[in-house]
Structure formats: C-alpha cells, structure tokens
Amino acid sequence: MLCSIEKIEPLTSFIFRVLLKPDQPFEFRAGQYINVSLSFGSLPFSIASCPSNGAFLELHIGGSDISKKNTLVMEELTNSWGCGNMVEVSEARGKAWLRDESVKPLLLVAGGTGMSYTLSILKNSLAQGFNQPIYVYWGAKDMENLYVHDELVDIALENKNVSYVPVTEISTCPQYAKQGKVLECVMSDFRNLSEFDIYLCGPYKMVEVARDWFCDKRGAEPEQLYADAFAYL
C-alpha cells in the first residue's frame, strides 16, 4: 500500500512524529505495526494512532540519542515529504493487539518510543468505553524523552479510570516523574498482577525482564502478557 507523508514534526531532539495518509482504506487493530519500505530495507514501526481515526497512520520514529539508523530513516522520509513522493507500507501486522472483549484491568508498560504502541492501546480502550482501571507506566531517559507527557497527563485527568506514572532514569523534575527503572516501579507498586491484562512495548531486554518478573514474582500467567517482542525472545 502507498501512503503520502502528510506531516513530520519533531517531538524531541531525536524523536519525530510522522503522519501518513494511506491511498486506500487501511484497517488495523490497536497495538499493531507496519513495515515501512526504505531504500536500505524495510523497518517496523508501531502505529500510534487509534483505529477509529484510520484515515491517518501516526508513527513515532527515533530514540533518546542520535543513531545512524534513525538518522537515515528520517533523512529519507523528510526528502520524500519534500518531493511529494509516496512511501510503501505493509498491511498491519503483529498479534499484541488490544483484546477488547476482556474486562480485566489493564497494565500498559512502555519504554521510550514504545509509547507509540501504548498510546494506540490506551486511546482505543477509552474510545470503546472501557471503564476498568488502566495503569500506564512509561520509562524514559529524562523528561524530554517523555515526549507526550502532557497529553497523557490530560488523558488521566479526563478519565478517572486512567492512572499515569512517568519514570525517568535521570531525575531533573522529581515533581513530575519518579526516578529509576520503569519495571522496578511497577514491581514496587503492585504485589499481584494475576488479574491484569498486561501490554508491553520497549527494548527487547525490558520486555524479557518484564515477562520473567511479572510471571515469576507477581503471579501473572504468560497468556496475560502481550508484546510482539515475545516472538523474538
């Protein structure tokens, strides 16, 4: 499928929001991803937008620091945007989508730009009228890299069933975020996770440790945890 690039905007020094418009109706579930075809290969990116807004696909591309790969991606997409060139994307992929038939409380844990996945899950849950508790934990290097922090604060204020806990490794604003590792904060705040549906997105190591800790130490069953990274662990 071909998409036009409608907008590219910086969210931090190294993270960008890319808005794509498919040239035909595009169906996906909250929590799925697409592969974007580039001159040097195809790369996966989680869809940050909600399926109810299927006219556009929002991607978050980048990281807490500069990297050669992300620089190449953004250079190519920016050039395509400037020239009006279309980009080719795959159909929606991944099996860690939101299980909207469940009434269990949700625990959403994101690391870095894993928030793109988490944001789609969260927004779709609310759009469907979920009223069970939803806990959102987001870990990043510092406050700058909590790049949709204000939006999440507003969502939590507007929805009584949503709790948002930001966590930064470097503490510059202790009044706004906990300091430490996001998984350690989850472990500190919950003694039992046996009744939760748990959605994870972030570095592979984070997801692997989360599975081990939540299952071995907090009573979660493997089938309660959802992450596309599990296919590679």
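Including glycine, each Cβ sits where the backbone N, Cα and C put it.
The domain 'FAD-binding FR-type' annotation in Swiss-Prot covers 1-133 and is backed by sequence analysis. Here Swiss-Prot flags Gly111, Gly112, Thr113, Gly114, Met115 as pyridine binding site, drawing on similarity to another entry.
Features recorded in Swiss-Prot, as mapped to the structure shown.
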| residue | record | Cβ within 10 Å |
| --- | --- | --- |
| Gly111 | pyridine binding site | 24 |
| Gly112 | pyridine binding site | 23 |
| Thr113 | pyridine binding site | 28 |
| Gly114 | pyridine binding site | 26 |
| Met115 | pyridine binding site | 29 |
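Under DSSP, Gly111 (pyridine binding site) is assigned to a strand (E or B) in the three-state scheme. DSSP labels the residues of the domain 'FAD-binding FR-type' (1-133) in these numbers: 35 helix, 45 strand, 53 coil. Mean pLDDT for the domain 'FAD-binding FR-type' (1-133) in the predicted structure: 93.
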